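Notes for the one structure printed next.
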Amino acid sequence: MHPLPRKLLTAYSCLAAIYFISSLDINAAANSLPAISRSLNAGTSITWAGASYLMGQTAFQPLYGRLSDIIGRKPLLLACIGFLILGDVLCGFAQSAPQLYAWRALSGVGGGGISSLVQITVSDLVSLRDRGKYQGLLSGAIGLGSSAGPFLAAAMLARGKAGGGGQQEGWRWIFWVPPMLAAACAGAMWVALPLKKVEGGWREKVGKIDWVGLGAAVVGVLFVLIPINSGGSTWPWNSALIISMLVIGGASLVLFVIVEKRFAVLPMIPPRLFGQRSTTVIYLQSALYNCVWQVDMYFLPVYFQDVRGFAPLQSATLIMPLLLLQSVAGVLSGPLMTKLTRYGPVLYAGMALWLLGASMKLLFSRTTPLGLYVTTLVIEGTGIGFVLQPALVALQALSQPHDRAVATSTRNLLRALGSVVGVALATAVQFAVMRAALPADLPESLKTQVLDGSWSAAEAEEGGGVWVDGILEAKMKGVRAVFIMLVPMMAVCLLG
């Protein structure tokens with residue numbers, strides 16, 4: 001690895017740090033949802049805290065690559081950090097569930113931009129030869145942020161409880177800590193990050209933006225993703241609202257494709273990006289494996305806490321092998337690619353390990369020994385680390401230099417879409433299988449509690465609950481159905 005000059009090394013460290021903070025923010029918030037739900041009386045709608053972030057992240061993803069070409073990487077990255085800071089601070093002050101969801105979507109806009117722009121900026125700073133190593137180190141930052149998130153959540157909830165406010169108020173600090181770190185990082189980045197000059201005045205730059213395409217993309221993504229996440233739960237699938245949104249969303253996406261192909265001077269997603277089979281395969285793989293990754297991050301805690309009965313901190317500890325090995329493998333993937341002078345062996349070895357780990361989760365049960373958890377998650381985490389950043393390096397190597405930014409943001413758009421659709425699909429599968437597996441003679445009052453998420457095995461056992469075993473078995477079948485769903489997705493990635 002050729003060493004970077006001191007100023008560029010400082011800039012790279014800032015990029016890795018903001019990646020860490022963004023990952024910390026996502027995972028800390030996800031692990032505090034029960035406390036937030038109780039504080040804001042959100043009930044089962046609290047899942048929208050995660051869904052709204054993912055939608056904000058996804059809706060504007062097509063914009064980041066092309067807009068960074070027009071106005072520059074540094075101003076746009078700092079603006080996205082500003083959105084993350086503002087959204088998180090407002091989340092901490094939220095007094096109702098809808099307020100929280102709106103501000104979380106704003107955080108998602110910033111977080112999505114950070115993800116794309118850090119990757120794009122690193123590709124500007126280092127040569128193609130060294131890109132794998134430096135992008136691999138970013139994977140380590142993501143893994144460390146993901147690992148630290150649950151512990152930040154636990155610490156802040158405990159702080160709130162110790163201070164007399166209860167966990168219900170401690171959660172607010174979970175949204176206030178990342179902005180403090182992000183603000184310090186943005187200040188250092190303002191000084192250290194090189195500003196690549198872009199020709200033209202502001203009026204000329206604004207005129208280059210594909211506003212029609214942007215509007216069509218945002219409307220299309222939101223009007224498709226909202227029904228996918230709320231159909232069958234918040235509103236019936238055959239309701240006029242769901243059908244209307246799907247029709248409008250579908251029409252907007254068709255309009256977006258037409259605009260990009262025929263009218264846009266600087267399209268946000270140029271059709272030529274899909275002109276090579278190899279890059280098209282990488283895009284499709286990105287959507288599939290990110291679906292698997294996001295569903296894992298959502299349903300492993302569900303399995304450990306709802307089925308096995310572990311406390312949130314115990315659950316976070318059990319997931320650590322996956323996240324730590326993801327970090328280690330991500331860091332090692334760069335030197336491996338350099339030594340082999342090819343990315344294919346590392347990438348496909350990672351997919352094979354990921355598939356093996358996903359398959360081993362089918363062995364999880366209500367009595368699984370600790371050794372099987374550790375072995376499975378170590379294998380899967382290693383596979384994930386060998387896939388996420390090497391796939392990006394492969395895509396950038398196959399793309400023309402002038403397409404590197406839009407290729408990166410397009411990949412991240414498909415990854416985000418995979419996340420949103422995957423979690424929605426997995427949630428629907430888990431709910432349907434669990435409901436069908438509940439004991440036929442289960443009292444209606446208990447059934448309602450199980451389905452709306454308010455039932456607790458610990459509380460039921462204290463009351464001598466005779467239905468605990470049957471309910472937990474139904475929950476296990478629901479989670480196993482999700483694990484089964486993920487195996488063919490990884491198999492398709494490997495065959496690609």
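Glycine residues also receive a Cβ, built from the backbone N, Cα and C atoms like all the rest.
As recorded in TrEMBL:
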SIGNAL    1-23  signal peptide
DOMAIN    11-496  domain 'Major facilitator superfamily (MFS) profile'
TRANSMEM  76-95  transmembrane segment
TRANSMEM  101-122  transmembrane segment
TRANSMEM  134-153  transmembrane segment
TRANSMEM  173-193  transmembrane segment
TRANSMEM  209-228  transmembrane segment
TRANSMEM  240-259  transmembrane segment
TRANSMEM  280-304  transmembrane segment
TRANSMEM  316-334  transmembrane segment
TRANSMEM  346-364  transmembrane segment
TRANSMEM  370-395  transmembrane segment
TRANSMEM  416-438  transmembrane segment
TRANSMEM  478-495  transmembrane segment
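If you look at the transmembrane segment (280-304), the same-chain residues 6 or more away from its ends with a CB under 8 A from one of its CBs are 27, 30-31, 50, 54, 146, 273-274, 310, 312, 314-316, 318-319, 322, 351, 354, 358, 364, 380, 384, 387-388, 391, 394-395, 398, 410-411, 414-419, 421-423, 426, 430, 479, 482-483, 485-486, 489-490, 492-493, 496. In the predicted model, residues of the domain 'Major facilitator superfamily (MFS) profile' (11-496) average a pLDDT of 87. Outside the transmembrane segment (416-438), and at least 6 residues removed from its termini, the chain residues within Cβ reach (under 8 Å) are 47, 50-51, 54-55, 57-58, 61, 112, 221, 225, 228-229, 232, 286-295, 298-299, 302, 447, 450-451, 470-471, 473-475, 477-479, 481-482, 485. Beyond the transmembrane segment (209-228), the same-chain residues lying 6 or more positions past its ends with a Cβ under 8 Å from any Cβ of the stretch are 51, 54-55, 58-60, 62-63, 66-67, 70, 235, 242, 245-246, 248-253, 255-256, 259-260, 263-268, 417, 420-421, 424.
The transmembrane segment (370-395) makes no contact with the transmembrane segment (76-95), as judged by fewer than three Cβ pairs under 8 Å among residues 6 or more apart in sequence.
Note on the transmembrane segment (173-193): residues 7, 10-11, 14-15, 17-18, 21-22, 24-25, 28-29, 32, 73-74, 77-78, 81-82, 84-85, 88-89, 91-92, 121, 152-153, 156-157, 159-160 of its chain, located 6 or more positions outside it, place their CB under 8 angstroms from a CB of the stretch.
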